[in-house]
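J.: First the structure, then my questions, so here it is.
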């Protein structure tokens, strides 16, 4: 890579320390039969080492200059036929099949790429990823700690996350302005039976002001308008389905059951009162997002959904 001017604005910080490279590969526990996804291979320091141990590496790179460097590095060797290079933006590309993901990611795509990975099917075994230190610590943060946030609870809903090791600035060329960490992410298989869009909608509201009580957080006029809109759609759909069922029930002479199941909105209905009732009934009115774990949010989401309040 002599003579290449790296674009640090695009996150091009090449991992140069072979000891760190070898440690990452050891922690990935690669198998001879593995297909590995690598994002941001750079000049191939990590790529070449993995090619020696696995069946195939699919390297995704957006910079054509670095693609050329990577191709030259393996050209004419026995490793060349084990490397597939995809040129383009990984966030705009459908992920291929792979067994594990090992990457020194451009840090600006960390969050969207993590969730692209976790929502990818079929399931992969694990991901060993390099992140900015603070981002990595947010991924593994526990309730009640300073860094616990929406990212923490969303990631931990879908995966087991472990902090593996710290990596200093001087292990990269050129050195980044921040410290780094390597994290292992293992998706939960099967995933929890939860609508992730609904889940994220609830958690997003709760963490806008994570130190506020949920009672206060849900008093935002924007939140009330959104939930009121969703509630009215839910009731409209419920009543439409019920009206079709009435004819069937009449035919069976059991119309009483269906009439009692209709969900109608009274004229004096106020979504704010209903929200506060759900919060009190579930026992979370005075709770704060910063101290709530995954089970707490699951119970709260169930409480809202059972009353017809939805977040997506």
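Glycine residues also receive a Cβ, built from the backbone N, Cα and C atoms like all the rest.
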J.: From the ranges 206-224, 225-243, 244-262, grab the one TrEMBL calls transmembrane segment.
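T.: Transmembrane segment, as annotated by TrEMBL, spans 244-262.
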J.: Could you tally the C-beta atoms, other than its own, that fall within 10 angstroms of the C-beta of residue 15 (S-adenosyl-L-methionine binding site)?
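T.: Residue 15 (S-adenosyl-L-methionine binding site) is surrounded by 20 other Cβ atoms within 10 Å.
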J.: Got a sec? Which of these binding-site residues, 61, 89, has the most Cβ atoms within 10 Å?
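T.: Checking each of 61, 89, the winner is 61.
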J.: Output the one of 13, 104 that, of all these binding-site residues, has the highest number of other Cβ atoms within 10 Å of its Cβ.
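T.: It comes out as 104.
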